[in-house]
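Student: Dumping what TrEMBL says about this protein:
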REGION    A:324-344  region 'Disordered'
TRANSMEM  A:12-30  transmembrane segment
TRANSMEM  A:42-62  transmembrane segment
TRANSMEM  A:69-91  transmembrane segment
TRANSMEM  A:97-118  transmembrane segment
TRANSMEM  A:125-148  transmembrane segment
TRANSMEM  A:168-190  transmembrane segment
TRANSMEM  A:211-238  transmembrane segment
TRANSMEM  A:250-268  transmembrane segment
TRANSMEM  A:275-292  transmembrane segment
TRANSMEM  A:304-322  transmembrane segment
Amino acid sequence: MSIAARFAGTEARLAVIAVVVFVAMALLSPDRFLSVQNLTSMAFQFPEFAILALATTVAMLTGGIDLSVVGIANLSAIIAATILIQIAGPAAVGPDAVLWLAASMAAALVVGAVAGLFNGILIAVLGLPAILATLGSGLIFTGIAVALTGGSAMMGFPAATAWLGNGLLFGVPVPLVLFAVLALGIGFLLTRTGFGLKIQMFGTNPLAARFAAVNVTSVLIRVYVLSGMLAAIAGMVIMSRANSAKADYGSSYILLAVLIAVLGGVNPYGGYGKIIGVVLAVLSMQFLSSGLNMLQVSNFARELIWGSLLIFVMIVNSKTGFGMRRGKPAPARPRPEQSSGSGR
Amino acid sequence: MKRLDFSRNETLVALVILGFCALATISDPSFLSMPTLTDLLRGGIVLGIFAVAAMVVLVSGGIDVSFTAIAAFAMYSTTLILVSLAPGLPWPLAFALSVGIGAALGAINGIFIAFFGLPTLIVTLGTLSIFRGFLLTFVGSKLISNLPQSMRDFSKQMLFRGTNADGSFFSLPLAFLALVGVVVLTWFILNRTLLGRSIFAIGGSVESARRIGVNVRAVQFFIYVYVGALAGLAGIIHASMARVANPFDLVGLELSVIAAVVLGGARLTGGVGTLTGTLLGVTLIVLVRNSLIVIGIPSTWQSVAIGVLILVGTGLPAWQAKRAAARAG
Amino acid sequence: MPAAADAPLIAMRGVTKTYSGITALEDVGFSIAAGEAVSLAGENGSGKSTLIKILAGVEQRDSGEISFGGQPQNGLTPRTAAAAGVKVIFQDFSLFPNLTVAENIGFSAELGAGHRLVNRGRVRALAEATLQRLGVQIDLDARVESLPVAHKQLVAICRALATEARLIIMDEPTTALTGREVATLLGIIRRLKADGVAVLFVSHKLAEVLEVCEHVVVLRNGRKVAEGPAAEFDQAKLTRHMTGRDVADAPPEALPPDAPLLMAVRGLAKAGAFAAVDFDLHGGEVLGISGLLGSGRTSLAKALFGLVIPDTGSVRVDGRDVALGDPLAAAHAGIGYVPEDRLTEGLFLTQSILRNVGIGRLEAHGRAAGVLDLAGLWADATDWLKRLAVKAPRVTAEVRSLSGGNQQRVVLARWLSRSPRVLVLNGPSVGVDVGSKAEIHGIIRELSAQGLGVIVISDDLPELLTTCHRILVMKDGRITDELAGGTAEADLARRLAS
């Protein structure tokens, strides 16, 4: 195998794409794209949907999908907002405000975990296909959020709330720090823990996982709980950046999160995906959309370019025999008892 | 010959619809009226055409999430062409134009899926963004509220009108015939042509289809072109009926439409799906949207209700299948 | 097709096919006359399936000649092969589970005739006529997924016959059938031959169909190693040619009388699968369980490992009850299970060889908070791969890059690394080549010498006879017979079929 062939992995290609996009944008609009102002604004912008992409990625690694992440994010944010507005009140300052912010974070995480548990039970115990289970539950979470708020935005947080989405930590935007910590954490989880290894093995072949005495129910449930909690964190960031919580924030993020994950090389049929790939995909998209912004290209062109990028990467992957063959699910066997004697 | 089979989604959904209507009639006797029916039928036109399209894809074992973007694209660009180039074009030609644009966009999906062999979900996810992004960037992003005359004419044509006992007006637009036509045509293709049976065959087993010589690529290509054409039709009808061409409309409906189809018994794994089930699924969703309030549930709970329906409607068969599998040796 | 009067129906010469450097078929040639039945025998991996696919136009040969009725065929496709009358009944039947019996039978005919519109009456009539021709009755409106296996096969045969068939190729036709169903099948074959249809049986166990065959061809490792009139072959001779070895391995050494009781199964039953299963397994014993497909052997094997939930009964290992219906409990009690279908049940094909082994040992290498001692895990796995002599370029390669025999050893390594007490092997040598098969049998012997209890579930009689101390025969979900290892093969075959 030549060096070129080895280098042709999805992640390597993505790294090249990310660098090329960055350099191209820097050349096309050097003073504006490379300005501190633009770089910071990028760092504030992408973490919210990047965290949602992490949530989707974890579910997709098991061969499932989580379409309810945005619903969970908004519902968690609304519960957190209720605490911040009704209990803490907009006037809260100092340690009081910090305490309530922490409490609202905790509440959001609990909501995310419970919502994820609900998904996990639907999928692992009742056997619903993940796409339908999370589509339905997503509607329910959004619906509850609508019913709680009547559909209007909740505003009036203590000023400290803004720190989460707009603050700096040692000069680095807080959302970026949050995303970096989460990405590193999930990356560690996937590669260094038994749970992570089981997720990938289950995603590769759920049946074989069962036959290898992996506790598949527990793995699946924990995956969706994790996904729900990540969504809740994203919800908090969105809430803080918007300085409000609303049932229908970020509805376009569902497919965007899936798109980023797939672009990042995560196999939608499960079993393969690296966090570094997702990170690179997020960066490529952010560089691209920011750069295009500088070049006065309409906001909507971003979507066009994201979609083209996705299909382009898929074609390249399939041509190099990377994307498709890896993912082909085993054909349904009409005769479960037959022996597999294919003489070749 | 046919008994009531409770393991079928169609039966289940039909019973839920009947139950819903019964409850609604008890709490408000005026529910059982012509306006309710025409509202239901009217609300089901665009959704119904979308659902039929989505069902054809599901039967073939694929999934398409881009049809709403195709619809918006075809609808908006057709309207724009009419307004700026050919204001006098009669509506049938305008419709044909929209269908043609839809089919062309569907062909793009078809090429990636049938000839590049890419997974259907990913391709249509990508083209959803591409079509929408292209539309809003290069075609236009402004509302066209001054629709061309021919489209306005079309929207005024009614199959029938009437006045209810309480004095309220009701009517059924001509567009309803489009849904009827789509259902009949799709029924014919699916059940009476070899192409249609090949769609089922591919959904049942692609490998088997290939082995007996079905031209899988051609069939797949047709499916996505057909879905695109139907989406184009649904789009132009939507604009005509709304009397405004809004390029931001429609996109976002795709998952609900697929949910309605699955509710009606189509399997995500392919090979199974009926028009009856699909229409029942759409009926239920529209009913919940239009009339939830009648049975005493505030309309803010609408999406919770639809979510619960999806979970119950797909969960019950899934759970039964899982139990049956556990029982079997 | 205007055929020369003396040209055979099908003639092949020097057919060669390689898959990414691995030769699947090399210089294979033989011919089939009209109305003739030919047995193509070969072990798994001998190249039989490749040959079928080439004849059916599903795969293209690299070189060699194929002619139908004297006319050379180049660039065969599934459609042209079918049009020439070559019909394949694949082992998985390649039916459409979601369509009705009538439609499955009529589909190819409609396709072949180039109809654009489907006439249900025409399809039904054709299906009905074809079923009648075979003298079988199946509900035309039933969905194929709801049919029993034997009926599915009949539907597949009907589909092949619905349009003009000159040669019917049957891939492993008898694996799924009971003795009576095989008899029915043979009756049908005789009728077809009388009509001038040629039949090519492709199988690794052909003794059952030898009586209707005129001719036998044996493949081994992609080459033709024997050919001759069917009358000159019996099962023993076939086996010899297929395996390339003269004598069957000797049966295992007798079990010492003081072998401790390891596992006791009592009154295990599951409605519709198996009933009243009782047996003991001693340390160092290899126990065979055989039976036809549908006899309940696979269900029983899965029940021992908790993959099937029995209704009643008990399984005890080392005197302790094992919770039923829970693979984790079974694994914890020291039961290991190597599944029958390695590709879908045993392996994580796109994962590395190391991970495929290591997944069995996560608990042992877990540290605080679920973090793994990766170095230890990989060292452990590498060690087991060495002990089982798995041949792989790199242990980080995807497991699907391995040959069948090495793949099977990877699954074995996964379980052995857990030091199990009882190992259930379902079809241990299905889909592995001849050499690996012998080595896997060697591993089984070694394990039993170490005091492990091994249960071998198989329909491969020579395999059972060479590896097992005792063989239980299952029929209709019950254990109906028990034989000592080393019984004559013919005897075992007779008692299986009875």
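Glycine residues also receive a Cβ, built from the backbone N, Cα and C atoms like all the rest.
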Student: I need to check the long-range neighbours of the transmembrane segment (A:250-268): which residues 6 or more away from its ends have a CB within less than 8 Å of a CB in the stretch?
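Tutor: Those are 10-11, 14, 48-50, 52-53, 55-57, 60-61, 65, 67, 69-70, 73-74, 138, 203, 238, 274, 277-282, 284-285, 306-307, 309-310, 313-314, 317, 323, 326-327, in sequence order.
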Student: Select the range from A:42-62, A:97-118, A:168-190 that forms the most Cβ-Cβ pairs under 8 Å with the transmembrane segment (A:211-238).
Tutor: A:97-118
Student: What residues elsewhere in the chain lie close to the transmembrane segment (A:69-91), defined as a C-beta under 8 angstroms and at least 6 residues from its ends?
Tutor: 52, 55-56, 97, 100-101, 103-105, 107-109, 111-112, 115-116, 137-142, 144-145, 148-149, 154-159, 161, 227-228, 230-232, 234-236, 238-239, 244-251, 253-254, 257
Student: Mind checking which residues of the chain, 6+ beyond the ends of the transmembrane segment (A:168-190), have their Cβ under 8 Å from one of its Cβ atoms?
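Tutor: Long-range Cβ neighbours of the transmembrane segment (A:168-190): 40, 43-44, 46-48, 50-51, 54, 57-58, 61, 196-197, 199-200, 230, 233, 237, 241, 274-276, 278-279.
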Student: Could you tell me what the rest of the chain brings near the transmembrane segment (A:97-118), counting residues at least six beyond its ends with Cβ under 8 Å?
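Tutor: That would be 68, 71-72, 75-77, 79-81, 83-84, 87-88, 137, 141, 158-161, 163-164, 221, 224-233, 235-236.
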